[in-house]
Amino acid sequence: MDYPKMDYFLDVESAHRLLDVESAQRFFYSQGAQARRATLLLPPTLMAASSEDDIDRRPIRRVRSKSDTPYLAEARISFNLGAAEEVERLAAMRSDSLVPGTHTPPIRRRSKFANLGRIFKPWKWRKKKSEKFKHTSAALERKISMRQSREELIKRGVLKEIYDKDGELSISNEDDSLENGQSLSSSQLSLPALSEMEPVPMPRDPCSYEVLQASDIMDGPDPGAPVKLPCLPVKLSPPLPPKKVLICMPVGGPELTLASYAAQKSSQQAVAQHHHTVLPSQMQHQLQYGSHGQHLPSSTGTLPMHPSGCRMIDELNKTLAMTMQRLESSEQRVPCSTSYHSSGLHSSDGITKAGPMGLPEIRQVPTVVIECDDNKENVPHEPDYEDSPCLYGREEEEEEEDEDDDASLYTSSLAMKVCRKDSLAIKLSNRPSKRELEEKNILPRQTDEERLELRQQIGTKLTRRLSQRPTAEELEQRNILKPRNEQEEQEEKREIKRRLTRKLSQRPTVEELRERKILIRFSDYVEVADAQDYDRRADKPWTRLTAADKAAIRKELNEFKSTEMEVHELSRHLTRFHRP
């Protein structure tokens, strides 16, 4: 359909009078938002009959759109208000021209760098980097604030000072609560040292427990009845790296007073409310069946006290750690509950025995402290224990076996490295000996006499071949070797010189050759100047050719071409001569 050409202002009513409904819709799609909305929402009869007050009669400038087809497709979707607003928004986004209507907002053109912000966002990089620095600095500050010095830990009671003056030695109190509020791990077994302790409540941990004295449980209602341990939830975990184990003995008298025993008993009862109670005979069982399935061999009977000190703690720790590492992989199951009879309490370890007043006497109990790797900062250093007396829970044979196993574990990896690196040396060492090769008939068996005979045969062959060489006289007779005499050689040289000089003296000069006209080449009679008279510097008057020189050269060339130059008779007319 051909649209009428209008260069004047139109309103809604005049447009409907000129065009039908379809052409009016197409026309007003390119106009302002108000005109398009009125065209879409109102049927033609209503729009024609609408009152003049409802119609916006402000002039609208007609602007030609790029294409009408996509807008018609959008208009046919729906005739409700929401669809009309969506069509208006899409039309405004796709149009590059600004429609200066009162109800039409100006279209914001997209910059060519608009998509660059979606990909390249350096401000976010800076933010991420700063946040990362903040997190790391906060973590470092928190760790530094949590780390305390040795003096503060001694003041808090976590560590105890070591005195070497009067022979009194005290070790770190592992029963107190640690710095970060963590209790002892499942691998920490501790028999409480017989010293005054303050009952400190500890958080409930199913894997941490204390070992009480046998007399505490013997005071119960039925000392002869078997005591059952509650089932401990034990997780079968893969073998962990070996932990350092310290077995230290608190120094004290073999017999304690009733007051110290009562204080110890009250403190143990306060701690036992939050932990499992284990008998000393069960302590042996716990050492054999650890929380992770570890066998720790225990020594029966009272452990002897070493009077002058013990060996280096590192050796004991090393043997215990290697034993634990070896036995972790072998043990897979841990029994849930065990029962012991009261007879085992009296005869197993000899820890308690009846004393006067009917109260049991308490002997020294070794404290087994397994260092936990979780909280290394609050644990005293190993040199603090070097001078303290220790007790050994191993016999000499078991220690030797552990040391052998340790050495084999450490040397096996080294041996594998040596085997990998020195494979050539191993192959060379595996070479068969001479005797084996002789037995396999690879090398012939020879005695010393046979070797001497073989050498003599080779020598005779060489001498026979050397004797067959011709002598100098034979070579002279064959004219292969000429006899040399200095006088004769000098005479020959003189004769050669005389012959050459005679030939050179008989040579004709250039002038004689010119006169005889027997010059063969053009270069034979070219005069050569001496090096002293010749000057290679340019722009000298004697280096420039004059006109007469050039004419002489041209004449000489023409004569050469006409007389001396060999030219075929049929092509002689093609020879070019220089101007005279």
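Counting begins at 1 with the first residue displayed.
Placed from the backbone N, Cα and C atoms, the Cβ positions cover glycine too.
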(message) By the record in Swiss-Prot, which of SER14, SER78, SER260, SER523 is the one labelled phosphoserine?
(response) SER78
(request) Go ahead and report the DSSP secondary structure tallies for the compositional bias 'Basic and acidic residues' (471-494): helix first, then strand, then coil. (result) 15 helix, 0 strand, 9 coil
(request) Quick one: average pLDDT across the repeat 'RPEL 3' (460-485), no decimals. (result) 89
